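Structure first, then comments.
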């Protein structure tokens, strides 16, 4: 009796599975047929892009927004794909930076839909009823169109001396032997070294907008902390001394726009807080877990 009922249940389950498989095959076939249709037979997906334009060579011309229409069927999924398509097929005068197309180099940083991010990893909103506005990074001088002037930003980065500094470099085998670092000390650099210097965080910070000449900004300060906390670096005290003025660090008011907008998911606000703790004496740099110059003897 039980065996008979079990066979009936298994039979019904088998029939149900078979029907579901047939539906899946049917749906898959329909999708393939739709994809196989020529693009002319498919309904266009026209997306409007409103892009900031300004050419300094045109004397007296003010910045303006120019609208382009892109068929999303013939374009890659990212905003950078659309910009490249516009430049290649519609308007070769459109100017922007780009390089790796993988979120690694930081070249294509811009303000997209009100958020500072990287065009190469920012997906296009497929809602064609809304246009997408694209601006250069805010509160920076503009070279042309979507290209900001990064000179001040890079000069600030240069001023923190972003390289490993040792007190006895002359007596060490520089370039011939590694400086040792424990796993624990190395882990302190996680969330710091990944910064690609795209400036999305700094240009989203109101304090940086108001004090760009004196306040170093989230990106540069996070890199400063990366070298201050590195167990192999022996110049941390001097690095901190350079940050003791009222502006370099203390213009940060923990607004935290920097952390919200970082396309790499980093936390510049936390790094700045750690620098403040070191400057105030609430914390100190711990001694290295390993003798860093052991291989140089």
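Backbone N, Cα and C define each Cβ position, glycine as well.
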Select one of 120, 262: the residue that Swiss-Prot places in the [4Fe-4S] cluster site alongside 195, 198, 201. 262
Quick one, of the binding-site residues 105, 108, 195, 258, which Cβ has the fewest other Cβ within 10 Å? 105
Taking the Cβ of residue 205 ([3Fe-4S] cluster binding site) as the centre, how many other Cβ atoms fall within a 10 Å radius? 27
Rounded to the nearest Å, what's the C-alpha distance separating residue 108 ([2Fe-2S] cluster binding site) and residue 258 ([3Fe-4S] cluster binding site)? Just drop the number here, would you? 17
Work out how many Å separate residue 262 ([4Fe-4S] cluster binding site) and residue 120 ([2Fe-2S] cluster binding site) at their Cα atoms, rounded off. 14
